[in-house]
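Comments concern the structure below.
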Amino acid sequence: MAKLFRAVIMGPPGSGKGTISERIAQRFGLTRLSSGDFVRENIAANTDAGVLAKTYIERGLLVPDHVMTRLLLPRLEEMTRHSWLMDGFPHTLAQAKALNSTCDLDLVISLNIPYETLKERLSERWIHPASGRVYNMGFNPPHVQGRDDISGEPLIQHDDDKPEALVARLRHYKDVAKPIIDLYKSKGILHTFSGTETDRIWPYINSLLSTKIPGTLQADTQCIPMP
Ligand SMILES: Nc1ncnc2c1ncn2[C@H]1C[C@H](O)[C@@H](COP(=O)(O)OP(=O)(O)OP(=O)(O)O)O1
Ligand SMILES: Nc1nc2c(ncn2[C@@H]2O[C@H](COP(=O)(O)OP(=O)(O)O)[C@@H](O)[C@H]2O)c(=O)[nH]1
C-alpha cells in the first residue's frame, strides 16, 4: 500500500503558513492541521487541556510544551489513515522532539520572508476569530469590508500583529526556530523557500510536492502512540 505523507510548514508570523497550507490542502487533498485551531477548539469545548491553555493565551503567552503535546499528539495518533500538513507545531525544540517520537515526517517547508514584507502583511491582516479564516486588505480582501465571507460576522485585528509587537515576535521566532530548523536539516527533510510574494513561491512548493505526493494518499502506516 502507498505510504502516507506527513509534513510541517514553518515560518515567522505573517510568512504565509496559513495561506500556503490552505493551497496545499486543496491541491493535494492533505488534511490541514493548525495548532492554533486545535487550541481554540479545545478552549471552546472546555477540555482539561483547553482550560489550561486558555489561562496562557489570555495573558498573551504561548501554551507550554506539555499542554500543547497533550492537546495535539492524541489527535495525530487518530489520523492513522490520513496524510496531513501541520501549521503552527512544532514551535519549540521540545515540541519537535515529541512529534519526532510520535511520527516520521516526510518533509518540512520553511518560509523565509523579509521583515519589511511581514510587517506590511500583518498590518493588513484581519481575522474571523470563530473560524480562524484570514484575510488581507490588499491580497485577499473579504467580499464585504470588515465582514467574514461565510458567516458575515465582524473581522478583528490581533494586537500581536501591530508593528510594535512584531519585532519581539520575530526575534522570538528566530531564536526558537533555529534549533528546530537545524534538526530537520540534519534529517534531510528541510526545504526552504524565500521571497516576498506567496504567488511566486507557490509554484516551487507545488512542483516539489508533486514529486513527493503522487499516489501516497491511501496508506495505513501509523503514528506510534507516545509512551
Ligand atoms: N505550537 C504552539 N506552542 C505554543 N502555543 C501555541 C502553539 N500553537 C498555537 N499556540 C497558541 C498560542 C497562539 O497565540 C494561539 C493561536 O495560535 P495561532 O492561530 O497559530 O497564532 P497566530 O495566528 O498568532 O500565529 P501566526 O501569527 O504565526 O499566524 O495558540
Ligand atoms: N500582500 C500579500 N499578502 C499576503 C501574501 N501571502 C499572504 N498574505 C497575507 O499576509 C497575511 C499573513 O499570511 P498568513 O497565511 O496568515 O501567515 P502565517 O501567519 O504565517 O500563517 C494574511 O493577511 C495573508 O492574507 C502575499 O503574497 N502578498
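Glycine residues also receive a Cβ, built from the backbone N, Cα and C atoms like all the rest.
Cross-referencing Thr196, Thr198 against the ribonucleoside 5'-triphosphate binding annotation in TrEMBL, which names Gly14, Ser15, Gly16, Lys17, Gly18, Thr19, Arg125, Val134, Tyr135, picks out Thr198.
Ranges compared are 34-63, 64-93, and TrEMBL records region 'NMPbind' for 34-63. Long-range contacts of the domain 'Adenylate kinase active site lid' (125-160) within the same chain, counting only residues at least 6 positions beyond its ends with a Cβ under 8 Å from a Cβ of the stretch, are 13-14, 18-19, 34, 36-37, 40, 60, 166, 169, 198.
Of all the binding-site residues in the record (Ser35, Arg40, Val63, Gln95, Arg169), the one with the smallest CA separation from Gly18 (ribonucleoside 5'-triphosphate binding site) is Ser35.
Most buried of the binding-site residues Ser35, Gln95, judged by other Cβ atoms within 10 Å, is Gln95. Taking the Cβ of Leu61 (AMP binding site) as centre and 10 Å as the limit, one finds 10 other Cβ atoms among all the protein chains shown. Here the CA atom of Arg40 (AMP binding site) lies 18 Å from the CA atom of Tyr135 (ribonucleoside 5'-triphosphate binding site).
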